[in-house]
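Report on the following structure.
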Amino acid sequence: MIRQCWAGLRLCRALYQTSYRWHGKSACERALRYSPGESIHGFTVNEVTPVPELFLTAVKLSHDNTGAKYLHVAREDSNNLFSVQFRTTPLDSTGVPHILEHTVLCGSQKYPCRDPFFKMLNRSLSTFMNAFTASDYTMYPFSTQNAKDFQNLLSVYLDAVFFPCLRELDFWQEGWRLEHENPEDPNSPLIFKGIVFNEMKGAFTDNEKVFSQHLQNKLLPDHTYSVVSGGEPLNIPDLTWEQLKEFHATHYHPSNARFFTYGNLPLEMHLKQIHEDALSKFGRIDPKTSVPPQERWQSPREYSISCGVDSFASDPEKQTMVSVNFLLSEITDSFEAFTLSLLSSLMVDGPNSPFYKALIEANLGTDFSPDTGFNNYTRETYFSIGLQGINKEDSEKVKHIINRTINEIAEQGIEPERIEALLHKLEIQMKHQSTSFGLTLASYIASCWNHEGDPVDLLKIGDKISRFRQCLKENPKFLQDKVKQYFQVNQHRMMLSMSPDEQHYDKEEQLEEEKLTQKVKALSEEERKQIYEKGLELISLQSKPQDFSCLPALKVSDIEPQIPLTDLEIAYAGDVPVQYCTQPTNGMVYFRAVSSLNTLPEELKPYVPLFCSVITKLGCGVYNYREQAQQMELTTGGMSVCPHIISDDSSLDTYEQGILFSSLCLDRNMPDMMHLWSEIFNSPHFDDEERLRVLVRMSAQEMSNGIPDSGHVYASIRASRTLTPTGELQELFSGMDQVKMIKRIAEMPDMGSILRKLSRIRKYVLLSDNMRCSINAAPQQMETASKEMEHFLTGITRSKKERKAIRPHVVEKSSNPSPSGSEISRTATRKLVGDPTFKPCQMKTHFCLSFPVNYIGECVRTVPYTHPDYASLRILARIMTAKFLHGEIREKGGAYGGGAKLSFDGIFGFYSYRDPNSLSTLSTFQKATDWAKSGQFSQQDVDEAKLSVFSAVDSPIAPSDKGMNHFLHGISDEMKQRHREELFAVTHSDLTNASNKYLTAGQCTRGTAILGPENKNIAKDPSWIIR
């Protein structure tokens, strides 16, 4: 998986995923007992550092024989994480680190079976497993809550990275190969195939990724950042198997490795296994992988590039992107990087920032350019600022505005209130608790540590905030001086512009064809024969049953039979039910509310997503939109609104439709947060056309940019559109219909009619009628929270007259959050809408897009959550993915991904992602059904599928999200326990019966959708709708 920016999460984003409350001190106490100089299983302790603000203790070590670096973060968190990363610094764009990342996971000395990595997804209870290729490092992380599982996964990961098989056929499959279009027909044409090859062809259909890649290549042109680490599709076929093996030998050595462990498991256990299984077998080398500093320019530079046309652009004439980019400080200077990240946020984040005012509100473009802000995932950090969605002729104007704004910031500085708001945001982010803190931590420190920076110093956020405040106190122009140093006088700046070319993809295709012709012409007859024979050998290998008995595995008996219960209390504030969930929230309060859409006229429904996206951004009460944003930043951790469409747990034709309001704050700020919600509910502003225009254009741009990354999601939403009433609403609210509607609105010259529609929606949903709320907070906060909820709910508007539901069939459903037999004062009632006349129908849709790969979704209507067969279908989806679809779609077909899944609303879906095939993949979906019906899987396969499903069922839940299954879905602990028992009870025959009953062609109604290039066969088939 190529992830160039994943490792460089900006500071604010990374910190947002912090910290579990310190329930106990055992893990940290154990870590504090270590002493610098102490030897443990071949490692020497270098440093032990408590970081109380994050409730952790950091232990830094080094391996005696190899020099491998090691950081252990002890914390009372059961979701333990391991990661090993290597500094990988390619000097060409063949994608060697990316293809190597894939290929090492295809078998190793201890585990020589094919694809042990994917097989372990079904033999463990992991909460995360993946691998990432960044610009200058490759990382292999996993996490799990089970100690035995941790040891199993660690064994597989260590053997994979240090002792991989690196077989030639695996290189062919994962990287690239020349192969006959039909491998069994030597007369069919030779073409390029390969998983990474197709993945990167798909990646480069994303114009934002293209822009970001060129930005880095051109701003840092002297070394590894000048190439595409993931692989340029036209360069990938230049990589040889021998070069791959050589790259592994020089880069995947312990002397070039950094190990990271996190959680409450004993450090000694990790060190012993890592030393004995891997590091003891190596000596020390000089890996020579360091990245030299970029030579600084004496004058600015400018570049122009081209890209494909965006068919969803709100204005076809405005598709140019332009940015000005500045090379900044070394990433290893952690306080300077911290300061520059804060300065960046102050310059670009939110409607009160200088660049937002100067660029976004200048009516020149639709949104900031890709990578806008502070970027800290290369040896030297950089800042980027610009616009997308502009006229090509306006590029110089944008450059002038940027220079002018920099001068204004240097002259006028930043308002103190905005600095306080940003520091308040940091305080919230340090208190907010995440279930994946270990993973976030690993990614946060990765880039700095990769270049010999101090990862422990990065964790001392409290110290940096104190030092930052002191710098401002001693020098009120501290930030202005930074602006002058890094932006006004910095000559290492680069302007990059990118404009669409209608022939772009045709030219790419022509270049690929020329590359292919060149390769084919150079082949001898013997080489052609070998290609045909190797193609047959690869198919044979991919089709041959594998023996995975060498791989470690948990057993179903290792799964906890009972779920932990969550205590919930339902109380009423007036007529509104409020769910209270007492949790150790570390000084935070979490608020949610659901307001019904049952009385909203049908003609207003398409505008609900737009209403949700803008209602907290238009101003309210005494605040204009800038003042509202400032108050939100000063008193909350964010306020969000989104559509809420949930199928009933017992009927696919019954559902809840509403709007979900969410926010969080420090406990001391709850009165201010609820006051803001009161102002939004009682006095929202719908009178600023220009503000709405800005927000709509940004939304349209964001949706358009998201299609290449989420094409399979859009295809699946479309495919399920005609299968259930909720499917129809999902397409309306979050599918391609919504994308096209927002595009149309963004093109409108007059926003008055839209504002009037939004104002009408407000009259139906910003009311206390048909509302329910929830609060998650610490025990000592509940009394205050209850009073604030009472004050809020009695202060917002109620309907002056009772409104009837637009759809006549309303079902009132009470939900009891506690197990039967327990006492509870009251229950909450949800008003669901039933559609007893709904008839599912088949529909096939092809969205013709200028992509070289396909995104495919095929869906089948099955049963709701509480149906006895739901558990069988859930297991079935997993077993079909792991035992059939993965091999057919990814290994044989060359798609980046594919599989089957069962949604909560009873839709059984097949999908593929960045797929070079289309109709043949649909045939594979049918073959998967035939395979499942015939029962060609073992009891071991069933048990593995159960493990995989339970890893999702039992994934950690943060205190902020406890009780949300009940509040949002009406699912009680008792219902979850019943479903759990049904999962345990699923048998081999249950799976074949479910396949026959629900997936058999002719007995089920299917919906199908493809997003991808034109297809002659589909165009000739009248059963397809072409869009």
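Glycine too: its Cβ is placed from the backbone N, Cα and C atoms.
Per Swiss-Prot, transit peptide is recorded for 1-22, and the stated evidence type is sequence analysis. Here Swiss-Prot flags H98, H102, E199 as Zn(2+) binding site, drawing on similarity to another entry. Per Swiss-Prot, active site, proton acceptor is recorded for E101. For C113-C550, the entry in Swiss-Prot reads disulfide bond, with the evidence type similarity to another entry. Swiss-Prot lists 803-827 with the feature region 'Disordered'. Per Swiss-Prot, the feature compositional bias 'Low complexity' maps to 814-825.
Annotated features taken from Swiss-Prot, shown on the structure.
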residue : record              : DSSP class
H98     : Zn(2+) binding site : helix
C113    : disulfide bond      : coil
E199    : Zn(2+) binding site : helix
C550    : disulfide bond      : coil
Position of peak Cβ density within 10 Å, selected from the disulfide-bonded residues C113, C550: C113
From recorded positions C113, E199, C550, the one whose Cα lies nearest the residue listed as 'active site, proton acceptor': E199
C-beta crowding around H102 (Zn(2+) binding site), within 10 angstroms: 23
Number of Cβ atoms other than its own within 10 Å, given for E199 (Zn(2+) binding site): 27
Cα-to-Cα gap, C550 (disulfide bond) vs H102 (Zn(2+) binding site), nearest whole Å: 20
Integer Å distance between the CA atoms belonging to E199 (Zn(2+) binding site) and C113 (disulfide bond): 24
Most Cβ neighbours inside 10 Å, all chains, among the recorded positions H98, E101: H98
